[in-house]
Structure formats: C-alpha cells, structure tokens
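**Student:** One structure coming up, written as structure tokens, with questions to follow.
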Amino acid sequence: MNNRFFSSLALRNIKSNKQLYIPFLLSSTAIIAMFFLMVSLMTNKFVQERSSSLPTLFMIGVVVIGIFSVIFILYTNSFLIKRRKKEIGLYGILGLEKKHVAKILFFESLFSSLLSIAAGLLAGLLFGRLVFMLLNFMLRMPNDIAYTTSLLSVGATVALFVLIFGITLLYNISQFTFANPIKLLKGKQEGEKEPKGSLILFILSLIFLGWGYAISITIPDPLAAIEKFFLAVLLVIIGTYLLFISGSIFILKALKNNKRIYYRSGAFISISGMLYRMKQNAVGLANICILASMVIIAVSTTITIYLGSEETLENRFPYEHNLKLFGDMDYVAEMNNRFFELQDEVIELTEENGLEVAEMESYRYESFFGNLEDGSFVFEQSSVDGDLPVLMMVIPLQDFNGMTGENYSLADDEALFYHSTKTYLKEDLSIGNKTYSLTEIENEFSADMALTESIALVVPDEAHLLDLREDYMGQFPESTHITVDAEIGWNTEGTEAAEKALAEQLESEYNGVSGSFSRYESRDSQREEWYSINGGFLFLGVFLGLLFTLGTLLITYFKQISEGFDDRGKFQIMQKVGLDENMIKDSTKSQIIWMFILPIVIATIHVSFAYPIVRKLLLIFGVTNDMTWLMTFIAVVIAFAGIYWMIYRVTSKVYYSIVK
Amino acid sequence: MTLLEIKNLKKIYTARFSNQQTEALAAVNFSVEEGEFVSIMGESGSGKTTLLNIISTLDDASSGEVYLDGNPLSKIKDKEISAFRRNTLGFVFQDFNLLDNFTIKDNILLPLVLSKTPIEEMESRLPPIVRNLGIEAHINKFPYEVSGGQKQRVAVARALITKPKIILADEPTGALDSKASQNLMEILKGINETGQTILMVTHSIRAASFSKRVLFIRDGAVYHEIYRGEQPADEFMDRISDSLKVLSTRGEQDE
Ligand SMILES: Nc1ncnc2c1ncn2[C@@H]1O[C@H](COP(=O)(O)OP(=O)(O)OP(=O)(O)O)[C@@H](O)[C@H]1O
Ligand SMILES: [Mg+2]
C-alpha cells in the first residue's frame with residue numbers, strides 16, 4: 001500500500017465528512033487570516049513609526065492571537081476527531097495497522113492544513129486590503145494608511161500554523177494508537193469526563209485572574225503599564241480558560257443537583273447537553289469571552305484617543321502659542337534677562353500682527369531626577385538606570401503666583417509641594433543642603449506630570465534654584481544638563497489669518513536658528529498632524545474590532561453548527577418520545593444565559609479591571625479625561641453586546657434548524 | 001373494551017426523485033382490546049414498521065383511520081401531537097434510542113420532564129418501575145456503561161413511566177441475545193399481566209409466543225391471526241411457526 005493510496009483515502013475521508021470539515025476548515029482559515037493580519041499590522045509602517053509604544057502593543061496582540069490560535073485549533077480539532085473516532089476505530093477492526101491509520105491521519109492533516117493555510121493567507125490579504133481601503137475612505141484619512149505584508153509575516157504565519165497542525169496530528173495519532181478499538185467505537189457516545197482536580201483548577205484560575213487584576217489595579221505609572229500589560233493579559237487569558245473549565249462545570253453540576261431547576265424541560269436538555277461536552281463547551285465560551293474583551297478594549301481605547309484629540313492638544317500645548325526657552329549653565333543671569341525680554345518681544349510681535357494678547361503665562365523651572373528616601377529627595381544622575389527615578393520640577397514662587405493668579409508667600413524654609421502619587425506624607429522635605437517645610441498644592445502644571453511619578457516644588461525665589469543646582473553639581477560634577485528653563489505661553493484674539501501669520505513669523509523667528517536656545521510651537525499648526533495620528537489609531541482600533549468581532553462570529557457559528565450536528569440525533573429521539581418544537585426552542589433559549597450573558601458579563605468584568613492599566617496606557621497617548629473613556633467604554637460594551645446578541649440569534653437559528 | 005381500532009389503513013410512499021410508488025399498507029383492519037398483548041409478524045418489507053409508525057403518530061396514513069378510545073388520531077392538532085405521544089403512548093425501539101447525555105435515571109424520567117410533571121411525582125414513580133425491571137443498581141450510570149439487555153429494560157421503563165394507554169414496541173428483542181430476549185419478554189408479559197396493553201412487532205417466534213394474540217401481515221394487509229388461549233408457550237410457538245410457513249408458501253403460490 002503506497003502513499004498514493006493513503007492520500008486518496010484521506011481525501012475521500014475529508015469529502016465524506018464534509019459536515020465536519022467545512023466548519024473546521026472555515027474557522028481554521030479565519031483564525032489563520034486573523035493571525036496573519038495581526039503580524040502584518042505589527043510590521044506596518046504606520047504602527048512602526050507613529051508611536052514608540054505601538055509596536056510593543058501589537059507585539060502583545062500577535063502573541064495573544066498566537067496563543068489563541070493554538071487553543072482554538074486544538075479545540076476545533078478535538079471536536080472533529082471525537083466525532084470520527086468510530087469511523088477510524090473501524091479501520092483498526094477491519095485490519096489496518098496503526099502505522100497505516102497514522103498515515104491516513106497524516107494525509108488528512110496535510111491536506112486540511114495546506115488548504116486552510118493557503119486560504120487563510122489569501123483571506124487575510126484580501127480582507128486587509130479591502131478593509132484598509134474602506135476605512136481610509138470612511139474615516140477620511142488625510143494620508144492613506146497602506147496595508148502592507150511582508151515575506152516575514154507570511155513566514156511567521158506559515159511556521160506557527162504548521163506547528164499547530166503538527167501538534168493536532170500528534171494528538172490525533174496518539175488518540176488512536178493508545179486506545180483500543182472497542183473504546184473508539186464508543187468514542188462518540190461517551191460524555192466528557194470532568195477534568196481531574198477541578199477544584200485546584202478553580203483556585204488556580206482565581207489566582208491567575210486575581211494576579212492579573214492586581215497588576216492592573218496597582219500599576220504605578222504608564223511606563224510600568226507598558227511593561228506589565230502583556231503579563232497581565234496573559235494571566236487573565238489563562239485564568240479565563242481555567243475559570244470557564246472549572247467554574248462552568250462546577251456551576252453545571254450544582255444546577256444538575258438542584259432537582260427543581262434541573263428537571264424542567266428546557267434546563268434538562270441544555271444542562272445535560274453542556275455537561276456531556278463540558279470541556280468543549282467551556283473552551284468555546286472562554287474563546288468568546290476573550291475575543292469580546294479584546295474587541296471592547298481595542299475599540300473603546302482608540303475611540304477615546306480620537307475623541308480626546310482636542311484635549312490632548314491642550315495638554316501638550318496649553319496655549320495657542322508656546323515658546324520654550326532653554327537655559328544655559330554658564331549664563332544664568334542672561335537667561336533671566338532673556339526670559340523677561342522675550343515676554344515683551346512676543347507681546348509686541350502679537351500686537352504688530354493686529355492681535356490682542358488674551359492670556360499669558362510664563363514661568364522658569366529646573367528639573368531634577370532623584371528618589372524620595374525617608375524625608376529627603378536624593379538626586380540621581382539620570383533616568384537610564386532600571387528603576388525609574390522621580391522627576392522633580394522646581395519653580396520660583398514669583399512665577400508660580402504669576403501663572404496661577406494665587407498670592408502665596410513663603411518664608412526661606414518653606415515650599416509648595418505637589419506629588420503625583422500623593423504617597424509622600426511627611427511635613428518636611430530635605431533636598432540638597434536645604435530642608436523645606438511643605439504646603440501641599442494641586443497639579444497646576446502640565447497634565448504630563450501624572451504620566452510618571454513627579455513632584456513640583458515651588459521655592460521662595462530664583463536663588464533657591466541656583467542653590468539646588470550647586471548642590472546637584474557638587475554631587476555630579478560632570479553633569480551638564482541641569483539648567484533653568486522657561487516656558488512662555490499665550491492666547492490671542494483676532495482674525496484667523498492674523499493668527500496664522502503670527503504663527504509663521506514666530507516659527508521663523510525662534511525655530512531652526514542655531515544658537516537661539518528656544519523653540520516655538522503653535523497649537524493650530526500641530527492640530528492637523530495630531531488628528532491624522534489619532535485618526536490612525538482609530539483606524540487600527542476599528543480594524544481590530546472588526547477582526548475580533550468576525551472571530552467571535554466564526555467561533556459562535558462553529559460552536560452552534562458542530563453542536564447542532566452533534567445534538568441532532570438526540571433531538572430526533574426525544575421527538576419520538578414526545579418532545580415538541582416549542583420545547584426545542586425552550587432548550588435553545590435556556591442556553592442564552594450561557595452562550596450570551598456569561599461571556600459578555602465576564603468580558604465586562606475583565607475590561608473593568610483593565611481600566612486602571614488601560615488608563616495609564618492612554619496617558620501615554622495624552623488622554624487624561626476619564627469621563628470620555630468611561631462613556632466610550634460603556635457605549636462600546638453596549639454596542640458589542642448588541643452585535644453579539646445578533647450573532648447569537650442568527651447562529652442559534654442555525655442550530656435550531658439543524659436539530660429540528 | 002376496544003382500545004385501539006384500525007380501519008382500512010392505507011399507506012403509499014412516493015419516492016423522492018421519481019414517480020415510483022410503493023404501497024406499504026394496502027388495507028389494514030384490526031382492533032386491540034384493553035389489556036391485550038398483541039404481536040404482529042410478517043416478512044421483511046411487509047409493512048410492520050410502517051403500521052406501527054402510523055399508530056405512533058410518527059407518520060401519516062394515506063387513507064383510513066386509527067381510533068384510540070374511539071377518537072380518531074388524525075383529528076389531533078399538530079400542537080397537541082407531542083403531548084399526546086408523551087402521555088398516551090409508550091415506545092420501545094429495536095435500537096433502544098437512549099440518550100448518551102442522560103443517566104439511566106434521567107433517560108427514564110425524560111417523558112415526565114417533558115410533560116412538566118412535579119419532581120415529587122417523578123421520584124415516586126421511578127423506584128417501583130426500576131425495581132420491577134431489575135435496573136435499580138444502574139440508575140446513575142450512563143447508557144454506554146450498561147449492557148444491551150439492560151438498555152432495553154431502561155427503554156421499557158421509559159415507556160412505562162408515563163402510564164401510557166398502550167405500549168408500542170418495534171422488534172424490542174431485535175438487538176438482544178436469546179437470554180436477554182427471554183428476560184425482556186418475561187418482563188413485558190409481567191407488565192401485561194398488570195393490565196398494560198402492549199402492541200409489539202417482532203420477527204422472533206419465541207418473542208411472539210409470550211403474547212396473547214399474533215397477527216400476520218402480508219402485502220400490506222392482515223392475513224391471519226391466532227389466539228393463544230390457554231395453550232402453553234411451546235405449543236403456541238409451534239402454531240405460530242406453522243402459520244408462518246403457511247404464510248410464506250401461500251405467498252409463493254400466489255406468485
Ligand atoms: N420512507 C419510505 N419511503 C419509501 N418507501 C418506504 C419507506 N419506508 C418503508 N418503505 C417501503 O415500505 C415497505 C414496508 O416497509 P416497512 O419498513 O414497514 O417493513 P417492515 O415490515 O418493518 O420490514 P422489516 O421487518 O424488515 O423491518 C417496504 O417495501 C419499504 O421499502
Ligand atoms: Mg421494520
């Protein structure tokens with residue numbers, strides 16, 4: 001018997017098991033396309049160039065989808081192979097050697113993997129191109145974002161899925177070589193057994209989930225968020241699978257033991273059915289839950305970023321016109337003069353352009369890195385070391401009062417103090433050779449201060465700035481970057497044309513001139529670029545949302561179809577002993593709680609716990625308004641629940657029409 | 001009192017992809033008294049299953065009528081048909097038709113659950129039945145964990161639990177060995193002795209010999225019937241096999 005014989009036999013098997021193979025091939029194709037799209041996005045030019053944290057986030061996405069693919073294909077494969085046990089068991093009884101059965105299985109795997117990988121790559125390419133085109137059009141992107149794929153992403157996809165299909169082949173072969181034929185013949189009848197130690201699994205799931213949640217809740221700052229996000233996601237995914245496997249079996253068994261609930265026609269049929277394939281059921285639900293969480297996070301965050309563009313702009317550029325002055329170590333006095341001169345200069349320039357200065361703010365400041373240690377701020381050279389030091393901004397009182405309109409006065413050993421984490425509770429703070437008695441104030445400074453642990457210290461006058469610098473230089477004589485810098489920001493009132501003219505004039509005056517030590521930025525001229533970047537994020541978010549929703553659709557479809565064919569015989573028998581169509585509907589209805597509510601509720605819990613960490617991540621993109629994110633988040637949860645409801649309804653109709 | 005009356009029952013199957021018609025039942029007439037145990041015998045393809053399916057309301061007759069307690073089955077509304085099947089009929093099939101996702105106990109309770117019977121009622125009906133059928137020890141197992149004979153007894157229990165007017169059995173011993181068949185037939189006989197009406201299709205002369213009357217079907221019509229009366233089982237068996245021989249030789253002569 002040669003390979004040709006086995007390969008044609010394998011092909012015939014696939015054809016004659018169409019009912020099983022079509023959903024299997026379809027959903028494998030979809031998951032392959034999904035992974036391929038994700039890898040392609042990771043290497044996409046926009047993702048690589050727009051923000052330093054995007055490639056990391058997409059890397060996380062790729063790994064998550066990768067893990068998801070492994071679980072999903074193993075899951076669908078186990079479904080498939082279980083229902084073919086009898087058929088393949090017959091080969092053994094008809095006298096085929098195990099080696100030969102393995103060969104048949106090999107060819108079956110080969111054909112189905114070749115087909116789905118090829119189809120997946122093609123589908124991914126088409127879907128990516130098409131949806132990018134559509135989104136470019138619909139979101140009116142100023143610069144089209146191109147969908148690109150590389151040989152590398154093709155290679156990665158092929159490699160991963162060849163590996164996964166290889167694993168399923170080994171699994172299938174082991175199923176048949178280690179089982180006796182009689183057991184195989186009964187394979188389809190036997191229900192799934194409860195996994196061993198399900199209590200331990202349940203406890204483990206709580207530990208994993210709790211750990212993941214804890215990471216999110218306790219995350220101190222955005223940079224830590226990027227670092228820990230992946231771990232948290234991974235923990236929650238593992239926790240979700242374990243929770244569904246142990247928890248759903250636990251609940252189902254409890255329901256079964258409650259006679260008043262169990263012995264009612266709808267529950268009777270659906271609970272026993274779910275217990276019969278408890279693991280498959282659990283994995284399927286966990287898959288849906290994870291995809292739902294991903295849709296909600298991807299879409300709600302990117303919408304928030306987009307909606308928050310204006311706010312982000314205001315955070316980054318607090319005034320319409322912003323001028324930053326870089327200090328010089330050796331000419332501190334000149335810098336001070338220049339600071340006041342410049343203010344007069346820009347007012348003059350503004351008025352020359354026929355505009356009025358509506359509001360103006362200016363302040364000088366000095367920044368240090370260091371750590372809070374037991375009542376004192378200990379300088380550190382720079383931020384390159386592993387542990388992130390605390391950023392301290394020191395401002396003279398005169399400038400602070402000027403910018404806030406407050407009227408504080410400070411004695412020589414007093415200072416105003418703002419701490420982003422509000423974890424420093426002492427009354428005094430030593431810094432350098434000085435000790436200040438502190439009065440706490442709110443963040444009157446830049447919103448960026450909340451990004452990492454930061455301190456603002458308002459000292460009595462400029463002399464303190466210089467003293468602190470002395471102390472610092474005494475500790476790190478080589479250091480060159482501690483200078484007194486200054487910010488000048490002002491709003492103007494007048495015609496748009498005049499505003500534009502002013503911006504252009506200021507730009508040519510202060511930017512790009514070597515040795516000028518200043519930089520001018522106009523909010524208006526930044527706006528367009530900012531919107532195109534944030535539009536790009538929205539684009540990616542909507543794309544991922546679509547992708548994951550499609551994934552949810554396919555998984556739900558696969559689950560309903562395969563379970564429908566599985567249950568068909570049972571419903572026929574039950575109809576013979578008096579099951580009517582309304583009861584079939586009843587039993588599909590009582591699955592709603594499981595199929596619909598459970599994944600959505602748990603996904604919502606996941607995403608709610610992800611809130612703190614995602615909020616920190618959003619800070620990186622300049623979003624500080626919690627309200628926007630909360631509202632979008634709620635809207636997206638509701639919208640996705642609606643979409644999933646439709647998916648659920650349509651697929652359960654499919655199920656109903658199969659079993660009826 | 002007559003429980004079941006079948007009048008001029010006719011069934012014609014039309015093949016799905018051609019106009020070829022098969023007359024499965026030509027004109028069947030017979031009746032079953034309350035408390036009777038009737039076997040139907042006949043060659044393969046003579047229309048026994050078709051007849052049983054029509055009585056079971058699983059299939060419709062082309063013409064003619066089945067009366068149960070004097071009520072025509074064809075007048076039962078579609079909506080009520082399932083409830084009718086659940087409450088008045090009990091089924092035993094050749095291939096058991098047990099559900100793998102239910103324990104033996106739940107398989108037996110299934111029709112009651114479908115009828116929304118209170119749980120107390122279900123639990124009081126179960127023990128005497130499973131004790132009678134000798135499957136008490138297995139009620140928490142699953143169907144694939146018990147033998148064929150035990151499965152069929154489970155199926156009988158499922159048929160009995162609704163206290164049906166009549167039990168319809170299509171070759172209940174068809175998948176069982178002789179010992180398990182003997183055992184099952186004794187059980188059915190015992191059930192009949194408590195007043196339960198049973199209508200059974202069978203190929204087995206031994207199985208038929210447990211009943212009180214045997215009907216012989218040929219070419220879609222009742223051809224002959226014999227009563228057991230007070231005869232012992234082996235004499236009745238001989239009479240049944242004689243009738244079968246006559247039936248088949250006459251058949252050959254007819255052609
Ligand atoms: N669904 C159907 N469509 C067309 N013809 C059918 C159908 N079911 C049965 N027949 C035909 O009707 C006739 C009677 O079939 P039936 O199944 O009632 O026989 P039977 O007496 O039960 O036979 P057996 O003892 O082999 O079970 C046969 O000729 C059969 O081919
Ligand atoms: Mg038959």
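Cβ atoms here come from the backbone N, Cα and C positions, even for glycine.
In case it's useful when we look at the structure, here is the feature table from TrEMBL:
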TRANSMEM  A:20-42  transmembrane segment
TRANSMEM  A:54-76  transmembrane segment
DOMAIN    A:60-181  domain 'ABC3 transporter permease C-terminal'
TRANSMEM  A:104-132  transmembrane segment
TRANSMEM  A:152-178  transmembrane segment
TRANSMEM  A:199-217  transmembrane segment
TRANSMEM  A:229-252  transmembrane segment
TRANSMEM  A:284-307  transmembrane segment
TRANSMEM  A:537-558  transmembrane segment
TRANSMEM  A:592-614  transmembrane segment
TRANSMEM  A:626-647  transmembrane segment
**Student:** Take the transmembrane segment (A:626-647) and find every residue of the same chain, 6 or more past its ends, with a Cβ under 8 Å from one of its Cβ atoms.
**Tutor:** 288, 292, 295-296, 299-301, 303-304, 307-308, 311, 549, 552-553, 556-557, 596, 599-600, 604, 607, 611, 614-615, 618
**Student:** Rank A:20-42, A:152-178, A:199-217, A:229-252, A:284-307 by Cβ pairs under 8 Å to the transmembrane segment (A:537-558) and hand me the top one.
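**Tutor:** The stretch I would name here is A:284-307.
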**Student:** Can you tell me which of A:199-217, A:229-252, A:284-307 gets the most C-beta pairs within less than 8 Å of the transmembrane segment (A:592-614)?
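**Tutor:** Between the stretches A:199-217, A:229-252, A:284-307, A:284-307 has the largest tally.
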**Student:** Near the transmembrane segment (A:152-178), which same-chain residues lie under 8 Å Cβ to Cβ, leaving out any that are not at least 6 residues past its ends?
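**Tutor:** Residues 32, 35-36, 39-40, 42-43, 66, 69-70, 73-74, 77-78, 81, 85, 88-89, 92, 98, 101-102, 105-106, 109, 112-113, 116-117, 120-121, 124, 184 contact the transmembrane segment (A:152-178) from elsewhere in the chain.
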